[in-house]
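Structure record follows, encoded as structure tokens.
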């Protein structure tokens, strides 16, 4: 964390008056008010009083009000000779909004460009092909087509090439290593792997460095998502990496250095995954590689690992690794295309916070201090269609609470860090913070957008549960209550998202760019997404469904909402193109039929029309994006 926590010794009121906020206008309220100095206008006494009560004056408690509300307060009681100015300001605001919409629509186009680019994947297998590895070589060969098909189902723009590096050990005098250059042909890939005969390996360690040294000789495509899957059951030579008998205890006999290998991997922007078969033998090496990679890259890269001992589960692990890599690439490319690598508030290059992941969830919070936070929570809207209006103001409540936060995050995604914490009642919570330093990423609006999205999704879920009239509670859909914390008494504003800790196996059921999990357990959640579009009168759809299956149903978090109002719900709102991507993949199921849901038909010139269907809609939906 770049700012120190500051504890308050002051006794303060825990509750704040409730207020309202139009989240999409939060970036314009300060600009609008700064253009209108209350001190230079003829402000009636009654208006000054209202401003003071609402936090517009320099003193008193503050509540959050929207741009629209603020302008009403400032201009509502102005003298007759100032009405012309007010009209001009309204016209200016309308023009500014038009520009914002145009800009956002262009950003959505660039986001889809990033999605397409991220699905250009170069997948390289590096495999120990000594005597004990036959079952794993065979598994890769038999799974490669299934892997490709599974990826195609999730990524409509997939363009994947496969490569292979085979290595053995120094007792194999000739042909110790060999390569298969990247190719789209699974037939050629299978032919190469079929000709491999496992052999060699007189001592325990193998020529790992020799295999890794060939990575730079592969013909990586420019800007591709680059993934290395390294499968091995033995470490490299050099006693600092293991405790086995070693014919080359001083390390690689050809003088290959680990730092050079890892520098190549980092400079090539490779996502490296080590599939260990015998962690007892390779664990020390993997940990050493990971630590050194983080050191050289300044925590921008790491060596990931997974258990590949069971050959039947290996393909699933590889699939997940590729998924993670595509997600990271998509985020990076989106930033590049949109220019978000420059912090909008400072004009400086965006930089990551310094952090170290600690996956230990058994934390002793006893010695950690409580930190005072201002907690903001939105009230659930009373009506779905109304809350989707561009002028809708979310009702909010504020309260001062105390939280203990773990010093290190336990997980991270493409954009956020996740910290474990406990509240003043001893309840486990998760605090989420931007990975990046800077005003754009850490603005109150950014956090409020996420909270608004989850609150509106929760309203959809509540109404969905009522309409479905399910007899079993196992299908009930619930979103955790999202809140925003602002650290009190810190030098600079510091925000966190906060939710109840979800205990269980976390799953993703669909994404915000068209992928849907195709299994029986996720059917009800795909129906939920479909239903939200119809229930909103074709204005919005809740996607990016993820969370935990519990005995009471589905407990979900971090949704996205695609809305025809592209200024709402943050950067994950991909507007009408995002809605279309869902229906290109969605297949109606028994739950859709029970609710009488219909598949919309999209054209570039019309909004939506409906036609019933129970199979894929990709052939009937067309829209230019």
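Positions of Cβ are set from backbone N, Cα and C atoms, glycine also.
Note that the structure is a prediction, hence the values are computed from the model and not measured.
Here Swiss-Prot flags 570, 571, 572, 573, 574, 575, 576 as ATP binding site. Just so you know, the Cβ of residue 576 (ATP binding site) picks up 21 other Cβ atoms within 10 Å once every protein chain is counted.
Per Swiss-Prot, compositional bias 'Basic and acidic residues' is recorded for 1-15.
Taken from Swiss-Prot, the feature compositional bias 'Polar residues' applies to 25-39 (among others).
Positions annotated as compositional bias 'Polar residues' by Swiss-Prot: 46-63 (among others).
Among the features that Swiss-Prot reports, domain 'VWFA' is placed at 122-322.
The domain 'Alpha-type protein kinase' annotation in Swiss-Prot covers 386-600.
Summarising the annotation, Swiss-Prot assigns region 'Disordered' to 1-64 (among others).
What Swiss-Prot records for 602-625 (among others) is region 'Disordered'.
Most other Cβ atoms within 10 A: among the binding-site residues 571, 573, that distinction falls to 573.
Highest Cβ count within 10 Å among the binding-site residues 570, 575: 575. The Cβ neighbour count for residue 574 (ATP binding site), using a 10 Å radius and every protein chain shown, is 28. Around residue 572 (ATP binding site), taking its Cβ as the centre, 20 other Cβ atoms fall within 10 Å, counting all chains.
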